[in-house]
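Taken straight from Swiss-Prot:
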- Asp96: active site, proton donor/acceptor (ACT_SITE)
- Lys157: active site, schiff-base intermediate with acetaldehyde (ACT_SITE)
- Lys185: active site, proton donor/acceptor (ACT_SITE)
Amino acid sequence: MAADYPNIDIAPFIDHALLTPTATPEQVDQWCEQADRYNFASVCLYPTYVKQAAEFLHGKKPKVCTVIGFPTGATTRSVKLYEALEAVENGATELDVVINLGCLKSGNTEAVHREIAEICEETGQVVKVILETNLLTDAEKKIAADIAMDAGATFLKTNTGWNGGATVADVRLLKEITRERVGIKASGGIRTLNQALDLILAGATRLGTSRGIDLIHQRDNPEKVE
């Protein structure tokens with residue numbers, strides 16, 4: 001039961017995600033209004049909607065977060081950098097960047113580092129590096145985490161949500177690796193309050209989810225949470 005957990009306000013942990021391919025401008029306004037109303041950390045949307053979200057949230061607390069190289073991470077370094085710079089120009093202050101998994105798995109760690117470092121240095125914004133942990137071994141997770149931290153990442157993010165969701169085990173592992181030097185964003189498949197609280201207690205400092213409103217309703221109606 002949610003009532004058995006510590007009294008944690010989950011709202012400031014939530015990156016309110018709208019990453020469905022069918023997202024509309026009307027939904028973007030709805031997500032921004034919800035993020036402001038419930039004091040979420042950010043809205044996380046595709047680059048095409050960054051300018052709209054930045055205008056809606058101007059002067060308000062929630063940040064505008066977007067995704068770079070999403071969801072595969074397989075675009076070229078120059079394309080990712082351009083995408084990131086354009087997003088910042090349009091008003092994004094947080095960038096969730098998918099790591100180049102092919103380079104990582106083939107041992108080309110220099111390419112992985114260079115790509116992340118360029119985005120961190122040239123944008124000067126919060127960068128959350130998406131590791132896609134469900135596709136990595138524990139050894140690869142450590143290598144990827146170390147590269148991202150050395151390159152200047154602000155957060156490590158577990159997943160895109162396209163290849164499975166966040167797990168408590170992965171969050172614990174990342175906390176052990178990072179020793180709290182950077183934040184940890186758990187993302188993918190977060191649908192219940194208990195699941196969200198388990199991830200926070202394991203070490204997550206952000207939660208990426210499209211179910212933020214559901215989590216708030218579960219928080220406010222604990223008697224209905226199973």
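For all residues, glycine too, the Cβ spot is worked out from N, Cα and C.
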Item to check | Length of the line joining the Cα atoms of Asp96 (active site, proton donor/acceptor) and the residue listed as 'active site, schiff-base intermediate with acetaldehyde', in Å | outcome: 8
Item to check | Whole-number Å value for how far Lys185 (active site, proton donor/acceptor) lies from the residue listed as 'active site, schiff-base intermediate with acetaldehyde' (Cα to Cα) | outcome: 4
Next on the checklist: Please list, in sequence order, the residues in the chain of Lys185 (active site, proton donor/acceptor) that are at least six apart in sequence and whose C-beta is under 8 Å away from its C-beta.
Outcome noted: Asp15, Asp96, Lys128, Phe155, Leu156, Lys157, Thr158, Ala204, Thr205, Arg206, Leu207, Gly208
